[in-house]
């Protein structure tokens, strides 16, 4: 099964990982240095041992591809996975005059009354991002995060570098190049980012008419984040392969700090007790030629028959 690589990762970290503290204060079981490989010829690696919301993966990747850094696009597509980081910037600003939201990530998990206030404040914030242009332009922006680095890296001479477009052109003209790399980790810009990039750098490789991609991910939330990352980069590889006339090869996922949060352990044990199903297939609109032209309706998975979703809190 295509999914076994992920399940093996989870088992390995549970059994051999080290207990560590972390930035969020949640605590983790962590392992440093791990690699998974997914043969994309065998299907699309969207996990089946729990339902993974593919619509959120699609809209986030399209957001990256647009070079966008404002959550308004995500909210318009009912995607809330970046809300907490934008909201954090707002409540830390002098413009916020609502209830005390200090340490809202942890307090919302242990205090039901606070969680009710927090959810109401966050919903009002997200609604205003969409409806109030000036407010949304300011507080919806996450800084120079993924989309900006992929599509508009700022060079030393003030030039703008579209790393992704450059890689696609190199795939067409010099497919054996070892320089087909896109980096989201820009040390000069990290302080301005709401969340420094977890998936930091990816590289493409062509062999026998197939396109493979390797991702280096510095920080890997195994239960919540990694399933998204696997599917997102498999989708990106598939989109680019289609554009340049190649078949898909492997997605290689290299992890730095691979961790399971302490409040995800029971959930991941539940997932590991389940039996994987057959991998779904990816459908891409044959009428689209550029990865920058896709809309939500142009990307679908077929034959997806997952086990039920398993909820878990996000560590902010």
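In case you wondered, yes, glycine gets a Cβ from its N, Cα and C as well.
As written in Swiss-Prot, here are the features:
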- 23, 178, 179, 218, 219, 220, 221, 229, 259, 260, 261: dUMP binding site (BINDING)
- 198: active site, nucleophile (ACT_SITE)
- 221, 315: (6R)-5,10-methylene-5,6,7,8-tetrahydrofolate binding site (BINDING)
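Here the binding-site residues are 23, 179, 259, and the one with the most other Cβ atoms within 10 Å of its Cβ is 259.
Summarising the environment of residue 219 (dUMP binding site), the number of other Cβ atoms within 10 Å of its Cβ, over all protein chains shown, is 19. Put simply, 221 is the one of the recorded positions 198, 219, 221, 259 whose Cα lies nearest to the Cα of residue 315 ((6R)-5,10-methylene-5,6,7,8-tetrahydrofolate binding site). Across the structure, residue 221 (dUMP binding site) and the residue listed as 'active site, nucleophile' are spaced 9 Å apart at their Cα atoms.
Between the C-alpha atoms of residue 198 (active site, nucleophile) and residue 219 (dUMP binding site), the distance comes to 5 Å.
Within the set 23, 178, 179, 218, 219, 220, 221, 229, 259, 260, 261 that the record links to dUMP, no two Cα atoms are more than 36 Å apart, and one pair reaches that distance.
With every protein chain in view, the residue among the recorded positions 198, 315 whose Cβ has the most Cβ partners within 10 Å turns out to be 315. All protein chains considered, the CB of residue 261 (dUMP binding site) has 23 other CB atoms within 10 Å.
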